[in-house]
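Heads up: the structure comes next, in structure tokens.
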Amino acid sequence: MAETPELEPHNAFDTILTLDFGSQYTHLITRRLRELNVYSEMLPCTQKLADLKFKPAGVILSGGPYSVYEEGAPHVDPAYFDLGVPILGICYGLQEIAYRLDSTNVIAGTSREYGLAQLKAKKVGGHVDHLFDGLEDEFNVWMSHGDKLGKLPEGFHTIATTPNSEYAGIAHETKPIYGLQLHPEVTHTQNGTKLLKNFAVNICGCKQNWTMARFVDQEIARIRKLVGPTGQVLGAVSGGVDSTVAAKLMKEAIGDRFHAVLVDTGFMRLNECEQVKQTLAEHLGINLIVADASQVFMEGLKGISDPEQKRKFIGNKFIDVFEEEAKKIEDAAAHSETAGKIGFFLQGTLYPDVIESISFKGPSATIKTHHNVGGLPKRMTEGQGLKLIEPLRELFKDEVRDLGRQLGIAHEMVMRHPFPGPGIAIRILGEITPERVEMARKADHIFISMIREAGLYDKIGQAFAALDPSRAVGVMGDKRVYENIVLLRAVETTDFMTAIAYPFEHEFLTRVSTRIVNEVSGVCRVAYDYTSKPPGTIELE
């Protein structure tokens, strides 16, 4: 994407850079800022300023699970403090600001402070008060820390206190450097969004112009410049909202020079191929090619149970198929008006995919290789062969849905649940066989159909049925059986970074379970996954 950096979001919009020290809340900082129509990006705390390709309007140092004084604790590049832009430290970030001035400034608290606390703001005068402009003098905030400031850093004022934190808020006397022990990004903090707005808009001077209407124009211009007047793009589509929106955006940018490819891996949902054809080709006017590679994928995954090995194989084989299709398209169009080399490969990668795949030393190590990020072969990520183009890479899921509406995609399509590129293959825990694929496919169809019939589909962020690797004893037809277990998963979420299990009524789950056991051969037991994210991920592999 570096070919046209001047059109990337952080160069087209005022940007707040959030440096992540491993807090479970860090992504919420970016979310809250974007809800304020201020563009924000999150990078690991190891990001060196010299390697940053843009100048942010402000920098936020996130919370984290470390103690700043421990050996091996992460520390920010000191060069950020010489950048000349406002800085806000949150929790660990506050302690990092204080620690770099004097290592004795941060101490272990005599009592930990988790949950709600009453914060009292202190007026000092001048720019120091800007963080709390327009807010009440006292309000409840969310705390999550064991360490605290033992003394006020030299050159700083105290701007807020709580019963357990004498220095719950600090501000530099002359520089726009602020620190908060509380978490303004968490919804439990009253005025949290206002605090972030005061920092981003009033202190950093960011314009509140980050909208999908603006993004569409910027991204179409970027795509056109990147691809050029004759270049062609091949795109992976799966039937999910991400790939559909990405495909429509590419169609708007370069017209018939975009070719969508649906790889039938044999792991699609019931009737998925026909539905994708109808959506993309008939409703959205997109060139669609269906490549049947089901036998190749099934044979290649035989005997593989490890989820990372599955993802790596699927990622590599996907690109093999796409490169074959690219050659066919180029040959067919060699002497036509659309002649041109296919040099790019479109993916519907989202920002949560990127965040989950970022690794740095510490607790925010890679959760899993994402099939849209780490599952690709090196020849793709290192610029060999087809080059990656990911227009949704900086967006959260709700922003993608908004973008889809901006592009004129119908409500039903925009609200479709995500469907991973590897399909049912990563919803079958353990080894994949044709029989197990069919079980998972039928169970999923029953589950989703009943969710739709109950009028719950749009209330749920994502839902699916998966197959457990173990089996269980049951009694069917007066006989003992030892058969498979289906796992049902449905979550409520807005950004797919955090999620909670959807609270179905007991009667509904009973009816779903009864249908699956009666209608799906080889299944004798059904379980519902109540795990939230974190600690779980939404997909099981």
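Quick reminder: no glycine exception, Cβ is built from N, Cα and C everywhere.
Listed features, source Swiss-Prot:
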- Cys91: active site, nucleophile (ACT_SITE)
- His183: active site (ACT_SITE)
- Glu185: active site (ACT_SITE)
- Ser238, Gly239, Gly240, Val241, Asp242, Ser243, Thr244: ATP binding site (BINDING)
- Arg311, Asp478, Lys533, Glu539: XMP binding site (BINDING)
- 15-209: domain 'Glutamine amidotransferase type-1' (DOMAIN)
- 210-416: domain 'GMPS ATP-PPase' (DOMAIN)
Pairwise CA distance, Thr244 (ATP binding site) versus Glu185 (active site), rounded so that it is a whole Å: 31
Among Cys91, His183, Glu185, Ser238, Ser243, which are recorded as recorded positions, the nearest neighbour of Arg311 (XMP binding site) by Cα: Ser238
Rounded to the nearest Å - Cα separation of Lys533 (XMP binding site) and Cys91 (active site, nucleophile): 22
Per DSSP, three-state class assigned to Glu539 (XMP binding site): coil
Segment-level pLDDT (mean, integer) for the domain 'GMPS ATP-PPase' (210-416): 82
Neighbouring binding-site residues, C-alpha within 10 angstroms of His183 (active site) - of Ser238, Gly240, Val241, Asp242, Ser243, Glu539: none
Inter-residue Cα distance where the pair is Glu185 (active site) and Ser243 (ATP binding site), in Å: 30
The residue listed as 'active site, nucleophile' and Gly240 (ATP binding site), Cα-Cα, nearest whole angstrom: 38
Largest inter-residue Cα distance among Arg311, Asp478, Lys533, Glu539 [record-listed XMP binders, Å]: 41
The one of His183, Lys533 whose CB sees the fewest other CB atoms within 10 Å, among these recorded positions: Lys533
Cβ packing number for Gly240 (ATP binding site), 10 Å threshold: 21
In the chain carrying Gly239 (ATP binding site), residues 6 or more apart in sequence that have Cβ under 8 angstroms from it: Leu262, Met268, Arg269, Glu272, Gln275, Val276, Thr279, Arg416, Phe419
Lowest local Cβ density (other Cβ within 10 Å) among recorded positions: Cys91, Val241: Val241
CB-centroid shell, 8 A cutoff, ATP site Ser238, Gly239, Gly240, Val241, Asp242, Ser243, Thr244, site residues removed: Val237, Val245, Ala246, Gly348, Arg416, Pro418, Phe419
